[in-house]
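What follows is one structure encoded as structure tokens, with my remarks underneath.
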Amino acid sequence: MTLSGPLIVIVGPTAVGKTALSLSLAERFQGEIVSADAMQIYRGMDIGTAKVETEIQKRIPHHLIDLVHPREPYTVKQYQDDALRVIADLYARNKLPIVVGGSGLYVSALVYYPDYHFQAHAPRLPVRERKKSPFKLMMIGLTMNREELYKRIDARVEAMMRMGLLDEVRSLLQEGVPPQAQSMQALGYKELVPVVRGERGLEEAVQLIKKRTRHYAKRQFTWFRSLSDVKWYEMDETKTDRTLQKISEDVAGFLKTTSNTFS
């Protein structure tokens, strides 16, 4: 399996704008999306994991979402195997793989340790032995003023509630997904289980989701800031189009030096 092709990776905290960028790049550069989200791999968990709409997926293929039932566990090793298989297929079809996600462990495992054999009892990366990526790598990091990001997080949580996140959680429990399942530890789901059971008020749960999502964003920043290959771009709602154009131009320049297929 060849790993020497160009690979675009988009990282950053939740709600910063990774999805919009990935769709823009996929349309311009004959790309397909490879998810690096630890919870989007579960079927029936659409609202709380912010999966893109089915109509968009028909236009721009997305891989590694809706893979397993929420009752089933899913390991880093499984992600590695699945992602490498998808990327090899994309190279064979002259499609540019664009990895997108906020799950730092998934991203690092794929990009830097594709031959590292993860064990259930030892899931940590050997960070002191960080390797050079075998891919021709362009890693794009999106960052944002913290106050603005937190406003976007709060707005996203409120939108998810309006879209029916509580009903989604209720449906999963009715289908027999246990609250202790790996999938149900996802932000938004874990906090709403007690609401469905009548053990917590809805408004309390919503505020808890917002708070924990902000804390999660901080951890994402910390993880991705530790990766020296990331080129960071500041996202500002007043300059979004300009920033996306700049990134697109930088990707075009990168592809000219690494591949004649996508430039």
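Every residue, even glycine, has its Cβ placed from backbone N, Cα and C.
No curator has checked TrEMBL annotations; they are predicted automatically.
Among the features that TrEMBL reports, ATP binding site is placed at G12, P13, T14, A15, V16, G17, K18, T19. Annotation source TrEMBL lists substrate binding site at T14, A15, V16, G17, K18, T19. Positions annotated as site 'Interaction with substrate tRNA' by TrEMBL: S103.
Structure coloured by features recorded in TrEMBL.
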residue	record	contacts (Cβ under 8 Å, 6+ apart)
G12	ATP binding site	K18, G102, G141, L142, T143, Q220, F224
P13	ATP binding site	G102, L142, T143, M144, L149, Y216, A217, K218, Q220, F221
T14	ATP binding site	A50, G102, I153, R156, T213, Y216, A217, Q220
A15	ATP binding site	L149, R152, I153, R156, T213, A217
V16	ATP binding site	L142, T143, M144, L149, R152, M235
G17	ATP binding site	L142, M144, M235, T240
T19	ATP binding site	A50, V52, V100
S103	site 'Interaction with substrate tRNA'	A36, D37, A38
Shell list (substrate; ref centroid = CB of T14, A15, V16, G17, K18, T19; cutoff 8 A): G12, P13, A20, G102, L142, R152
Cβ-Cβ neighbours of K18 (ATP binding site) (radius 10 Å): 23
Extra residues within 8 Å (Cβ to Cβ centroid of G12, P13, T14, A15, V16, G17, K18, T19), ATP: G102, L142, M144
